[in-house]
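The compositional bias 'Acidic residues' annotation in Swiss-Prot covers 146-158. Marked as compositional bias 'Gly residues' by Swiss-Prot: 176-199, 206-215, 286-314. The annotation compositional bias 'Pro residues' is assigned in Swiss-Prot to 217-229. Taken from Swiss-Prot, the feature phosphoserine covers S9, S111, S158, S161, S200, S203, S219, S225. If you look up Swiss-Prot, you'll see T186, T191 marked as phosphothreonine. Positions annotated as region 'Necessary for transcriptional repression' by Swiss-Prot, on the basis of similarity to another entry: 1-205. For 119-234, 280-325, the entry in Swiss-Prot reads region 'Disordered'. What Swiss-Prot lists as region 'Necessary for interaction with CBX2' is 201-377, and the listing cites similarity to another entry. For 172-175, the entry in Swiss-Prot reads motif 'Nuclear localization signal'. Residues or ranges marked as zinc finger by Swiss-Prot: 19-59.
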Amino acid sequence: MDGTEIAVSPRSLHSELMCPICLDMLKNTMTTKECLHRFCSDCIVTALRSGNKECPTCRKKLVSKRSLRPDPNFDALISKIYPSREEYEAHQDRVLIRLSRLHNQQALSSSIEEGLRMQAMHRAQRVRRPIPGSDQTTTMSGGEGDPGEGEGDGEDVSSDSAPDSAPGPAPKRPRGGGAGGSSVGTGGGGTGGVGGGAGSEDSGDRGGTLGGGTLGPPSPPGAPSPPEPGGEIELVFRPHPLLVEKGEYCQTRYVKTTGNATVDHLSKYLALRIALERRQQQEAGEPGGPGGGASDTGGPDGGGGEGGGAGGGDGPEEPALPSLEGVSEKQYTIYIAPGGGAFTTLNGSLTLELVNEKFWKVSRPLELCYAPTKDPK
């Protein structure tokens, strides 16, 4: 022994220590007596019992198990190279389990996506087209009803099991509509798309809701598929151009969230955000400002400094600041514009993943509009 070291690549080393049958590292090595090929003991015994009486590598005749002999020297060599054999096998098992679980999740997601797409394609054939020149807004039934039911008074037709049924395409809006064509009616129905049953009664004056299976038109075959389900979704949050005053909520917000977030989550986030911004603006104002104004108008004899101090102490202190305890997702209603200048109310139970799948446009983020709800209750 002259101490010479020979460099061996991991690939060639692994090929020498690999069983040709199971393609894993040799375990309880058995060597054929004639051709000297090595196999795992369990692998070669199973092969011989199955009736294959030949060497799996060179096809030489192997009469029985007597044609094999154990090779403890090779097992000792493997234990020297890989002293932590059990740790290696445990790591390999963990990798296989993770790959199997990931593959199953991807298969489930693709199956659900394909099922939703097929349902949307079938439901598109049941959409009734509105009569030109009429003010009624016609929507598709949520599931069990006949296409001829509920064709009067411009009411939305929605199933009682709207949250459980898969969403369908939205109807086309009549061009010559009056009050019925606006996004929010002049009546007191403020929660249109949030509730399942009561919301459908008040949503007749809205441009269609997504609560009873009235989602937007399905993506045509061959169109680019939306982002991967369960991933992050980027959306643009704009104030409603018709329902929000110019100087009140003129801020466009850019939000990035997960696909399993619902429309109610967005409404609650928006209400909290606006309440916090108002609170910060009022707290950042000059102290005694509101009170000073009240004192100056009430007592003409008081000086500027004293009047301001007295007014700041006697005026309302905390009620002017918005409370965060009463913030609710029903304070704001979320809309989406499918096209043609029409706005559709989004149901609060819908996930952003489902909304993005129906209304996503290529190379553009999802755009939503918000406006204060007239009647939050």
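Cβ atoms here come from the backbone N, Cα and C positions, even for glycine.
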Spatial separation of S111 (phosphoserine) from S9 (phosphoserine) - C-alpha basis, Å: 43
Three-state secondary structure, S111 (phosphoserine) (per DSSP): helix
Averaged pLDDT score, the region 'Necessary for interaction with CBX2' (201-377): 66
